[in-house]
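What follows is a set of notes on a single structure, which appears directly below.
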Amino acid sequence: MGEFIDPAIVPKMKVNTGEEIPGIGMGTFGSDRVSPEEVSNAVAGAIRCGYRMFDCAACYGNEDQIGKVFKDAFDEGVVERKELYIMTKVWNDMHRKVEESCRKSIADLQCDYIDMFFIHWPFPNYHAPGCDVDSRNPDSKPFSVEEFMDTYRQCESLVEKGLIRHIGISNMTIPKLEAVLPLMKIKPVACEIELHPCMQQKELFDYLVAHDIQVVGYMPLGSPQRPERDIMPEDVADMELPEMKEIAAAHNCHPALICLKWSHQLGAIPIPFSVREKNYVSNLKSMTEDPLTDEEMAKIATLERNNRLVKGHVFLWPGAKDWHDLWDEDGKIVTVEE
Ligand SMILES: NC(=O)c1ccc[n+]([C@@H]2O[C@H](COP(=O)([O-])OP(=O)(O)OC[C@H]3O[C@@H](n4cnc5c(N)ncnc54)[C@H](OP(=O)(O)O)[C@@H]3O)[C@@H](O)[C@H]2O)c1
């Protein structure tokens with residue numbers, strides 16, 4: 001076993017229920033490149049080195065394998081269920097059957113209940129795992145408040161039934177949040193957004209903070225191994241930027257750790273993915289030592305390029321203009337093209 005970082009010294013974030021939850025989690029999306037076994041082996045190692053939060057999803061196709069790892073850790077007394085904060089997500093093809101999806105994730109993950117249950121995307125638009133960028137589902141529809149709230153109500157009933165503790169939302173925009181937040185009976189605890197130095201989403205970030213919704217930052221390292229469908233020639237590699245390398249050199253570490261410190265110091269919970277013990281240990285450890293200076297934070301703020309990596313082409317509905325339609329960039333919800 002590698003180095004153990006005492007979870008007691010890993011920063012926590014106080015959420016709107018008053019509870020403190022881990023300030024960093026491990027991502028578990030193999031990006032269509034890394035097998036379920038490699039991911040679950042990394043989860044096994046990560047628990048033993050001190051990770052206490054895991055970001056899972058039904059559509060990552062590996063909950064079954066990760067569940068075996070959780071069960072072994074519980075059986076071997078490595079960790080108790082209540083010490084872990086397990087997150088998962090309902091996939092877009094299960095918006096009408098949220099409880100079934102949740103029960104399957106609980107069974108696969110062998111974890112009795114889910115700590116944070118996300119609505120992965122605010123659309124019921126399904127794409128097959130591993131599909132390419134041109135793949136479209138003719139049944140795809142634009143965002144609908146009614147459809148989303150029906151899905152959200154099902155999540156609220158899962159809280160009431162004790163199957164989940166907290167509700168999360170993901171891939172939302174301010175116009176969509178404005179439309180649905182007033183309709184919710186149980187407030188979402190967190191929102192998962194893409195967050196790395198070249199995609200800072202400051203307006204959305206500030207909106208979530210103002211509404212006391214915890215930001216969980218996905219792709220915190222700029223996801224260098226992301227699926228082929230999410231790689232465009234114009235994308236910028238965050239960790240390759242000279243400014244990031246320079247700050248990393250000053251801290252004598254890899255730029256990955258600078259990305260994580262930045263995300264944490266902004267107030268987000270980063271959820272980096274790695275299958276290499278050396279990397280996932282140093283990612284966790286980076287939260288406990290050697291913070292960035294105000295000057296370094298200010299320097300990274302200048303690296304914003306609005307470089308969205310998960311553009312979401314595969315969720316587009318017939319008649320949609322292009323992927324920008326998913327993100328309501330003109331400040332109103334894009335439904336059908338006029
Ligand atoms: N809600 C959503 O819609 C959504 C969308 C995308 C992702 N997510 C979540 O966010 C998580 C993170 O995103 P991601 O996995 O796409 O990308 P990421 O965490 O930004 O990047 C992961 C990559 O960085 C490398 N890496 C990790 N630590 C490193 C280190 N210390 N030094 C150098 N390289 C390092 C990893 O390689 P090695 O394995 O070789 O270390 C891996 O290729 C996902 O796993 C998933 O749980 C959610």
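Each residue, glycine too, has its Cβ placed from N, Cα and C.
Database features, via TrEMBL:
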DOMAIN    23-303  domain 'NADP-dependent oxidoreductase'
ACT_SITE  Tyr60  active site, proton donor
SITE      Lys89  site 'Lowers pKa of active site Tyr'
BINDING   His120  substrate binding site
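Feature map: annotations from TrEMBL on the structure.
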{"residue": "Tyr60", "record": "active site, proton donor", "CB count, 10 Å": "21"}
{"residue": "Lys89", "record": "site 'Lowers pKa of active site Tyr'", "CB count, 10 Å": "26"}
{"residue": "His120", "record": "substrate binding site", "CB count, 10 Å": "21"}
Could you state the whole-number distance in Å separating the C-alpha atoms of Tyr60 (active site, proton donor) and Lys89 (site 'Lowers pKa of active site Tyr')?
10
Do you know offhand how many angstrom separate the residue listed as 'substrate binding site' and Lys89 (site 'Lowers pKa of active site Tyr') by C-alpha?
5
